[in-house]
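Only one structure is covered here, and it is reproduced in the block below.
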């Protein structure tokens, strides 16, 4: 087994960079590895139109390390009031690549999200017409639904309907966490894809709850039982082009995670491709990592793959105990623990 792994430079098809003083840190981490990234729009206030997307894009570009060619791919935040014309303007901009459906209350800064899919059907129709992908956080948020069942019920109540109503629409089922989602995406048309995070491949709810509550494993959608983890690993390492890399790296300051009511999100951007390599190596599937990380995503979005390469070496190193996050601190996933793969920084 080789101790070196060279891949076409990957892209991250789902990441949270936050804003303001955090950007120099989060942008440096993502730009270290990835050529492009789909940038989540759930700021306060959210990114609702092309003008706001461009302003956020400029802030990200200004935060890139010197010499970086990292390209942020911007996303609109759908609300009950999103108009078809806003979709058309965003598509015409050339820098907005998708729009995101957050069910209201589903995750961080989603209070302005969609309360009923019926209210955004004209906007979704416009997306289908202009060829803009719809990214969906696939969870119901009703109080009578168990948090571990939110994704499955969303499929039955909403996802099937959207796909049937708009057969030409490209839909990304974001950060899937269940065998049910794997089956749905596998059986759907070629216009339906899904992102999978490193933390959902490496961990299940036992890691978060057994022996004590570990807040830095808490994310939404929440970690599920190990049978779902196995289904995700099967999908990611299958070679099926419908599944591709999306870290959902979502930093929160240490005090906001280690709290009586802690925030949801795992910070993985500092070592994302290294974490995915561990997951794929567990399945003896390192030969499938390039497709998942570097080819399937751009193909789904109709973009060319990157042409430069990165190299990973099998070499133990210790993840930092903490990282700067503006004037605050973020605790990364696997803080203080050993990682098995390391990115060669000088690789081109």
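Numbers run from 1 along the shown chain.
Cβ from N, Cα, C; glycine included.
Residues 100, 137 are recorded by Swiss-Prot as Zn(2+) 2 binders, and the candidate that the same record lists for that site, out of 158, 175, is 175. Just one of 42, 191, 284 is listed by Swiss-Prot for the same substrate site as 16, 17, 18, 137, 220, 252, 264, and that one is 42. Summary of the site annotation: Swiss-Prot records Zn(2+) 1 binding at 14, 16, 100. Screening the candidates 156, 180, 234, 248 against this entry identifies 248 as the one listed for that site. Residue pair residue 100 (Zn(2+) 1 binding site) / residue 137 (substrate binding site) shows a Cα separation of 8 Å.
Taking residue 16 (Zn(2+) 1 binding site) as the reference point, the recorded positions whose C-alpha atoms are within 10 Å of its C-alpha, out of 175, 248, 264, are 248. Note on the binding-site residues 17, 220, 264: the fewest other CB atoms within 10 A surround the CB of 264.
The two recorded residues, residue 137 (substrate binding site) and residue 175 (Zn(2+) 2 binding site), show a Cα separation of 8 Å. In the three-state DSSP scheme, residue 100 (Zn(2+) 1 binding site) is classed as strand.
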